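S.K.: Here you go, one structure.
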Amino acid sequence: MKVIDSISTLRQTVNAWRRNGESVGFVPTMGNLHDGHLKLVKKAKAHNDNVVVSIFVNPMQFGANEDLDAYPRTIEEDKAKLISVGADAVFLPSVAEMYPAGLDAQTFVEVPGISDSHCGASRPGHFRGVATVVTKLFNMVQPDDAFFGEKDFQQLQVIRALARDLSMAVTIHGVPTEREASGLAMSSRNGYLSKEEKATASAIYEEMQRVKAGIEGGNIDFSELEDAMVTNLEAKGFKKDYCQVVNASTFKAATANDKELVLLVAMFMGKTRLIDNLQITR
């Protein structure tokens, strides 16, 4: 596996593959890799001759009071995991390599509409940071295919929109959420949880399944289902950020006429913010 820290070397590597007629898959990450990330790499390997994985903790997508400094960095462990699943190159740029003029002078990319609600409302500027860094990485790697987890469903839709709207020649693949045996969605931030908190956190998935069963059983009082879920989780010590059944395309509150829905959830367990979602077809 090639270990690359400069944009110029990354481009040389990809261009050499291209000259050989080989395809390129891409998996952007912030590191601290778990089985969910490795599943993305395996999917990319199944689709492409070569796979690039980036590890970059992107300061542009963190707010002033968020966990940029505390975010776990486990580069050596990450490299070993990537070798084990057959990644061909890992791109490890510095902040200076990615933003040579500094964050304040950086041109940015913003996806209107779907960036504004839910995680976008809770974390102002977050999706602007995501859209900007992903656009830069796509321009560097020029992948045929890029792979993202469905756990960050809103992020996935933002990236699909920017690729479509900016006429990018990349196919975006969403990969189903990888879960622990308890149902808890795998996340790098799960490492912040104590053993007891982690056991309790599995209740999010249990409650989401209850909402899904209610909707599939014909209940269209979405507010009632949401409120019951929040009440049950708050009784277990969670604090609500948001919990809403939305139209899967617009992210607006679901109506009785909508068929493709997604339940979007963000809850705090202590200081740790946990997000999850469940797609539902009526």
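Glycine residues also receive a Cβ, built from the backbone N, Cα and C atoms like all the rest.
Under the heading active site, proton donor, Swiss-Prot lists His37, citing sequence analysis as support. Under the heading ATP binding site, Swiss-Prot lists 30-37, 149-152, 186-189. The (R)-pantoate binding site feature in Swiss-Prot is assigned to Gln61, Gln155; the stated evidence is sequence analysis. The beta-alanine binding site annotation in Swiss-Prot covers Gln61 and rests on sequence analysis.
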S.K.: Given Gly36 (ATP binding site) and Gln155 ((R)-pantoate binding site), what distance in Å do their CA atoms have, once rounded to a whole number?
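M.R.: A Cα-Cα distance of 16 Å.
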S.K.: Please report the Cα separation of His34 (ATP binding site) and Gln61 ((R)-pantoate binding site) in Å, rounded to an integer.
M.R.: 21
S.K.: Three states by DSSP: which one describes Gly149 (ATP binding site)?
M.R.: strand
S.K.: Let me spell it out: for each of the recorded positions (His34, His37, Lys151), count the other Cβ atoms within 10 Å of that residue's Cβ, using every protein chain shown. Which one has the most?
M.R.: His37
S.K.: Three-state secondary structure of Gly36 (ATP binding site) from DSSP?
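M.R.: It is helical.
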S.K.: Looking only at Cβ atoms, how many others are within 10 Å of the one on Gln155 ((R)-pantoate binding site)?
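M.R.: Around the Cβ of Gln155 ((R)-pantoate binding site), 23 other Cβ atoms lie within 10 Å.
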S.K.: Which chain-mates of Asn32 (ATP binding site) that are at least 6 residues away have a CB under 8 A from its CB, listed by sequence?
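M.R.: Asn32 (ATP binding site) has long-range Cβ partners Tyr71, Pro72, Arg73, Thr74, Asp78, Ser188, Gly191.
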S.K.: Around Gln61 ((R)-pantoate binding site), how many other CB atoms lie within 10 A of its CB?
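M.R.: Other Cβ atoms found within 10 Å: 21.
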S.K.: Quick one: of the recorded positions Met30, His37, Gly149, Met186, which has its CA closest to the CA of Gln155 ((R)-pantoate binding site)?
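M.R.: Looking at Cα distances from Gln155 ((R)-pantoate binding site), the smallest one goes to Gly149.
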S.K.: Quick check: of the recorded positions listed here (Met30, His37, Gly149, Lys151, Met186), which one has the Cα closest to that of Gln61 ((R)-pantoate binding site)?
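M.R.: Nearest in space to Gln61 ((R)-pantoate binding site), counting only the recorded positions, is Met30.
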S.K.: What are the non-local neighbours of Met186 (ATP binding site), defined as same-chain residues 6+ apart in sequence with CB under 8 A from its CB?
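M.R.: Listed in sequence order: His34, Asp35, Gly36, Lys151, Thr177, Glu178, Arg179, Glu180.
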S.K.: Return only the integer: C-alpha distance in Å from His37 (active site, proton donor) to Gly149 (ATP binding site).
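M.R.: Counting only the Cα atoms, the answer is 8 Å.
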